[in-house]
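In what follows, a structure is listed as structure tokens, so that the remarks can point back to it.
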Amino acid sequence: MKKLTIVPSSFRLLSIGSYVELIEANGRDRLFCRGRVLHAHLVTSGIARLTRIAAKLVTFYVECGKVLDARKVFDEMPKRDISGCVVMIGACARNGYYQESLDFFREMYKDGLKLDAFIVPSLLKASRNLLDREFGKMIHCLVLKFSYESDAFIVSSLIDMYSKFGEVGNARKVFSDLGEQDLVVFNAMISGYANNSQADEALNLVKDMKLLGIKPDVITWNALISGFSHMRNEEKVSEILELMCLDGYKPDVVSWTSIISGLVHNFQNEKAFDAFKQMLTHGLYPNSATIITLLPACTTLAYMKHGKEIHGYSVVTGLEDHGFVRSALLDMYGKCGFISEAMILFRKTPKKTTVTFNSMIFCYANHGLADKAVELFDQMEATGEKLDHLTFTAILTACSHAGLTDLGQNLFLLMQNKYRIVPRLEHYACMVDLLGRAGKLVEAYEMIKAMRMEPDLFVWGALLAACRNHGNMELARIAAKHLAELEPENSGNGLLLTSLYANAGSWESVVRMKKMIKKKRFRRFLGSSWVETV
């Protein structure tokens, strides 16, 4: 690709098309300083006021992580019409600024902005990634109000959103309400079923689309492979691969990556490595997604030999420079206890992103290096790097492990008030653990009761563990009751409560719990070692 460069001292008037190319190149490569110089030139020459140029500048600033600067350019646009809003919302959604895109829409809608069909997919994408059901369903209502429900692209986005929420029934209703479904809509629904452990329903839908004369494409087949692979149905995966070939499609990199992903998901790591080798023997070269999918198998078993081989392959092929690959490598080294290797890799990263920062903070947090985690978090804030929900999960984990109760509570509030990030289950689990370790069990329980969502087993598990450490029988019973409802087959929670009764000298309760565990035939989840046997 031809590199576009600018020399500040020798600017001359160029064509509008050339300026557009320069702005796009600076945004793509995140050349913020160079783009600012170009922006200044465009302002002095009067070109910045052109709608097309202003729209490109908005996108440039969002790509560089400068949302406030993007907003300033938008506010100075000569025509703040729907097209400008489409650019602003779309740029935020494409670059991961999901909350900003929703906030911007709320503001514009309050000022009289009518919902435009071009904005809807971006808003639904943001709602999906933020798991903001309330906002997503509000947009769905507006879609019905403005009669956009026959737009196939919008319908596909709605199906994707509801599928991500786990509301497959609502996704199917949206699908069924569309008069004439095309391949894109079918693929969205098939993927929705596959991603929610309903691969058999996905396969039935493929049969339906064939009856309607719509031929499946490679995306259709790969969705089925992914679904059955994650459900650990190897026989069906083989069957789908055969059907795919009979239909004229050869399994591609995505197909093999889906198989590997399912194997890793089900802790069949040796089979995942074998599938990786088979992929190579078929003449297919792994991409960044393949590497990212396979590396967690190395962190689970601490197979550093495999991990280093994959790292070496990434270096040779240039995939190491991919941000998500670099992040996965950091995660692998960190989980295997090789902190120094992770630190070296992080320092060598030329363009650090939110993803790489998050991985390194997690690495420090999980090894008790809270001071370094906080230092890195402060660096992100100081440099204006985007902080997302994972950033706060990582730093709250660090605070919890180090007993930094006040700092953790302040960061939890900062996350909501300054960065407008709605707390997720993982944030609450961190906070319950943080408060529990500090002995603030009542405060932890009050936080659970105030949650806007149903607490999961990690939240209740954190409370039960804290109750055991501090001997709070009353709250322990409450936590154990909820855990028994969420995970009825796991005896571990009952054994934890039994241990608590024993420590308190309540032997009658110990006998009662053991009888209950035996009667219900709870399954005990065995531990495993991360140490590779040689």
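Cβ atoms are placed via backbone N, Cα and C, with glycine included.
What Swiss-Prot says about this protein:
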| type | residues | note |
| --- | --- | --- |
| REPEAT | 81-115 | repeat 'PPR 2' |
| REPEAT | 182-216 | repeat 'PPR 5' |
| REPEAT | 217-251 | repeat 'PPR 6' |
| REPEAT | 353-387 | repeat 'PPR 10' |
| REGION | 459-534 | region 'Type E motif' |
Q.
Let me spell it out: take the repeat 'PPR 2' (81-115), skip the flanking residues so only those 6+ beyond its ends count, and list any with a Cβ under 8 Å from a Cβ in it.
A. 51, 54-55, 58-59, 62-63, 65, 67, 70-71, 74, 122-123, 125-127, 129-130, 132, 135, 139, 142-143, 145-146, 148, 354, 386, 388, 419-421
Q.
Below 8 angstroms Cβ to Cβ, which residues of this chain, lying six or more residues outside the repeat 'PPR 5' (182-216), approach it?
A. 152-153, 155-156, 159-160, 162-164, 166, 168, 171-172, 175, 223-224, 226-228, 230-231, 233, 236, 240, 247
Q: List the helix, strand and coil residue totals of the repeat 'PPR 6' (217-251) as derived from DSSP.
A: 26 helix, 0 strand, 9 coil
Q.
Across the repeat 'PPR 10' (353-387), what are the DSSP residue counts per state (helix, strand, coil)?
A. 27 helix, 0 strand, 8 coil
Q: Average the pLDDT scores across the repeat 'PPR 5' (182-216) and report the rounded value.
A: 97
Q.
Across the repeat 'PPR 5' (182-216), what are the DSSP residue counts per state (helix, strand, coil)?
A. 26 helix, 0 strand, 9 coil
